[in-house]
Amino acid sequence: MSSPAQTEIPTPLGDLKIQYTKIFINNEWHDSVSGKKFPVFNPATEEIICHVEEGDKADVDKAVKAARQAFQIGSTWRTMDASERGLLLNKLADLMERDRLLLATMESMNAGKVFPQAYMMDLDISIKTLKYCAGWADKIHGQTIPSDGDIFTYTRREPIGVCGQIIPWNGPLIMLTWKIGPALACGNTVIVKPAEQTPLTALHMASLVKEAGFPPGVVNVVPGYGPTAGAAISSHMDIDKVAFTGSTEVGKLIKEAAGKSNLKRVTLELGGKSPCIVFADADLDNAVEFAHQGVFFHQGQICIAASRLFVEESIYDEFVKRSVERAKKYVLGNPLNAGINQGPQIDKEQHTKILDLIESGKKEGAKLECGGGRWGNKGFFVQPTVFSNVTDEMRIAKEEIFGPVQQIMKFKCIDDVIKRANNTSYGLAAGVFTKDLDKALTVSSALQAGVVWVNCYLAMAVQCPFGGFKMSGNGRELGEHGIYEYTELKTVAMKISQKNS
Amino acid sequence: MATINGAVENGQPDGKPPALPRPIRNLEVKFTKIFINNDWHESKSGKKFATYNPSTLEKICEVEEGDKPDVDKAVEAAQAAFQRDSPWRQLDALRRGQLLHQLADLLERDRAILATLETMDTGKPFLHAFFVDLEGCIKTFRYFAGWADKIQGRTIPTDNNVVCFTRHEPIGVCGAITPWNFPLLMLAWKLAPALCCGNTVVLKPAEQTPLTALYLGSLIKEVGFPPGVVNIVPGFGPTVGAAISSHPQINKIAFTGSTEVGKLVKEAASRSNLKRVTLELGGKNPCIVCADADLDLAVECAHQGVFFNQGQCCTAASRVFVEEQVYGEFVRRSVEYAKKRPVGDPFDAKTEQGPQIDQKQFDKILELIESGKKEGAKLECGGSAMEDRGLFIKPTVFSDVTDNMRIAKEEIFGPVQPILKFKNLEEVIKRANSTDYGLTAAVFTKNLDKALKLASALESGTVWINCYNAFYTQAPFGGFKMSGNGRELGEYALAEYTEVKTVTIKLNDKNP
């Protein structure tokens, strides 16, 4: 992770008031059609922050109507200059900057993110994402094509239409900007369903969308649960595309529903069991630190967690020793408090699952080097945990843990470690640590992962496409490529009396 | 006609149209020195030169006159700013883009000041400077700000056991020589892509119109571009211009001006160090009006197309070909328009046409008008200078013009509209293309096939269909043949400001 600049990190907002708790449709705030609300929790204290309107199919239907209306030919949004769409996205980014302290405080409180990280990293990436996408708006080119015949042919990259976007709880703001940024740059309209655990920053962003001047119906936000609001989106007959970030298990359901309903286009960013390969010639300190951040960042709640660490035999013991030392440097507690550098897991379900997997590690014979259980009596905290002597058959080496648990395995030869690294149905990220030019290039080519980091990890940049091989996802987000995922290509062929080259 | 849309953000809530922007009264000219390394310098020679207001014929102020030693100093600064490890080379591309956005913000803030300066220095109507020149500048910087972190090379599947990729690197120190007809706008067209791609720049604004470029220097400094990234050396063509074109440490030159000088620039560039060259030169642009055109639209577009900016546009519609059947009516309506064109003080909101830029241009235009009369064209209106009015010329229309007349062959760069007749499409295509120029062309027709046929057949870098002077920062602009080399604006501009490096890494055949 690139370290934050020497900016002063302010203290979190002391008296954070949650202003926006309703459903956002047509730039207006609505109660749920059913009248129901649902509670939103602070995972550090297990207390309820507030209640939010609970959207279901009826609310999704309302949102789709609004989004469809805003997408009509002749609408303000459809007739707007593309450069103007870019200006609106830049404006939204400026408003995020203005409300940075508020958004970081809210994100920290609701998602359990350590405050300095939320302020410096989450907000930074989110703002950059919007600015990056803003720049693309009037640069989405089609082509004129030298086709056979007396025909003048060109392509148009048009917006797809109404896009449903289902956002996870591990990076609520970042994941929101990754979805709406490209979608709006291309001229689509969207219906966002934030995770039920973390709807608050999405709702504040909705207020900024309105303030920035996006026309009504272009962005709609329907908080609610997966089986209700999420399912309604995946199977809606009038939604043209669904984008989902979350578990592979739910991703499969979404793609199935999309196929069963109207063949809406699907992009998925799912889970991972990403390998990190450390060769004996690597810069050891560099490798230890990046491998560490790679699995412990945000309490291990990242799809790209480096949760299978393969270390070459000759440096294995030293590597384990340094990794354990590193894992002991955490101060757990309320992420809003100063001096805390590890927050809670998001909820009870995750907490239980992680502790269960830790137990399996102990039972199946891995060596527990540190941590190994829950921390504290209140809040969903887990001690930073390191296992060594892990073998490929163990559950902790196969299943996605999504917690602060590091697995360190040994390898002898390069061919073998490549095979083992690829031996998973996941394929999201991978790390390679070596000083050797040839090894770096060959191994990165051989790994079945959508993102391969060499001598670094978690080096996310908004300019680069991100996504998974195999069951870690379909399609890419960000970069030029990610932009095109939000367009539908139309070929126009006009008969002319005579063609000349 | 280019977009006229600038006062939207000042819209009144009660629905009344927004108030027109006003020029700054008694504007003090603050920046008159040479700009190097974010500092203001006097000329090495100690010389200064005067810049005049063509409307009043009065001197506005004196400006430091650069020459070769000043260019050398500027190039040194630009080179230093381009060194590996320099702040500019190490900056994230996204950050370069942000600096360009901030520059656009400052242009918005100082829009009225810049428009006032531009009007004083060029004589163009203030509202045109505000709504066309400044609007174009702001949009250009914002457009290229967006490209900065999207300049991508390729990874390439070559033969053999090799890893191959390209880097699209900045070229280095770029020289830019800009004209007097759209001083700030033509500068933005060069500066924006150059900086977006990570180059450093040495600019020479036209000697007739240095003021807005120097003001821009102050904004560059205010935004926080590192010193040496942008340097501005005012002066004359044969001294500063020549020094830039032949400088051995300048890696690329971009020039907008006459074809005659463009040739000299390319020659000097080749003789010295083969620096890369892009040129935007003159034009004798055909405007083809078919019988099935929307006649009112065609008349208006053709009128603005040739008279806009006092006729001082490289894109001037200076050969209007009208299909026989509608010829008479077209001439009649065009003359009406020309007679109504308000000529006067550029600071008056009603004025559409100000003075020509200087005596030299003024004399050339009148000479060409005389040639039109002598060679037998029919003078419909205008045809001489405004009485008693310095550099102002009456909007002039000639009909019954034939291809061999001087007014049909030479670039006039003044408020003179030559109208010619044609019978059929094949004929007009040939006649439109029989020129060494090839900048723009316009076609007025409602017929799909005719439109596409003409778009394909005309040898011009831009073809406008049922519009004129429709410039967009997203679309490339440049000339065929002797109207120029290369393209400005759009994604295409990036290719002119980057140098492609191919990196080929052989892998060890012994490894798996």
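Cβ atoms here come from the backbone N, Cα and C positions, even for glycine.
Predicted, not measured: the structure shown is a model, and the values here were computed from it.
TrEMBL lists B:1-23 with the feature region 'Disordered'.
For the domain 'Aldehyde dehydrogenase' (B:40-503), the model's pLDDT averages out at 97. Residues or ranges marked as domain 'Aldehyde dehydrogenase' in TrEMBL: B:40-503.
Among the features that TrEMBL reports, active site is placed at B:Glu280 (among others). The Cβ neighbour count for B:Glu280 (active site), using a 10 Å radius over every protein chain in view, is 27. In the three-state DSSP scheme, B:Glu280 (active site) falls into the strand class.
For B:Cys314 (active site), the same-chain residues that are 6 or more apart in sequence and have a Cβ closer than 8 Å to its Cβ are B:Asn181, B:Thr256, B:Glu280, B:Leu281, B:Gly282, B:Gly283, B:Leu439, B:Ser483. Per TrEMBL, active site is recorded for B:Cys314 (among others).
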DSSP three-state assignment (helix, strand or coil) for B:Cys314 (active site): coil
